[in-house]
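What TrEMBL annotates here:
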{"type": "BINDING", "residues": "10, 11, 12, 13, 14, 15, 16, 17", "note": "ATP binding site"}
{"type": "DOMAIN", "residues": "8-200", "note": "domain 'Thymidylate kinase-like'"}
Ligand code: TMP
């Protein structure tokens, strides 16, 4: 497959959405819109967006942790088959807002279901497909949560509402992943001003794919 698969990860409030939007815009200016694809998890296609609605429905307060993990993995599977593989075959640069690391950090560590166990169920879902590069936007939990409260209080979802300790556990899990997979995962300090974060992300993408940026 000719395309390039790049995922973006980070705790809530790391500024992931703003970063990806700018990266997408700049890549589209360089390569043309048809060569760049933005997609997000859970979601990215009709079936996975339907699963997303179930996952984030504020009324589903009694959702079991394993149910949640399996739904994320199911949404991921459909996303891979309907969007990511066709995009890669078409030679696109895929900018994927969250992928399997999110499940390991949020369900595996945050929900305490076990990072190894979550990795196992996701191996069935991804069937060997992993991003070539993962940009991890790192932010201290207190700062991340403050940003959410300040900027998007009207959009807080069920998982954002988890307490500070949950977010700290999620971040520690991301940092562990970063330590364990230094070839794939690159850490960017997301507490910097947005322009500097973008600069660092572009340099990191260029290091991995010399024909980009
Ligand atoms: P976002 O669209 O703002 O990134 O929010 C997605 C939320 O879903 C975020 O709180 C992280 C959570 N999530 C998981 O818990 N597990 C997953 O596998 C994915 C993809 C997201």
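Glycine is no exception: its Cβ is also placed from the backbone N, Cα and C atoms.
Checking the binding-site residues 12, 14, 15 against ligand 1, the ones whose Cβ sits under 6 Å from it are 12. Sequence-ordered, the extra residues of this chain that approach the ATP site, with Cβ no more than 8 Å from the Cβ center of 10, 11, 12, 13, 14, 15, 16, 17, are 137, 139, 144, 147, 190.
Residue 17 (ATP binding site) falls within a helical segment according to DSSP.
Note on residue 16 (ATP binding site): other Cβ atoms within 10 Å of its Cβ, all shown chains, come to 21. A simple Cβ count within 10 Å picks out one of the binding-site residues 10, 11, 13, 15 as the most packed, and that one is 11. For residue 17 (ATP binding site), the same-chain residues 6+ apart in sequence whose C-beta sits under 8 angstroms from its C-beta are 97. There are 26 other CB atoms within 10 A of the CB of residue 14 (ATP binding site), with all protein chains counted.
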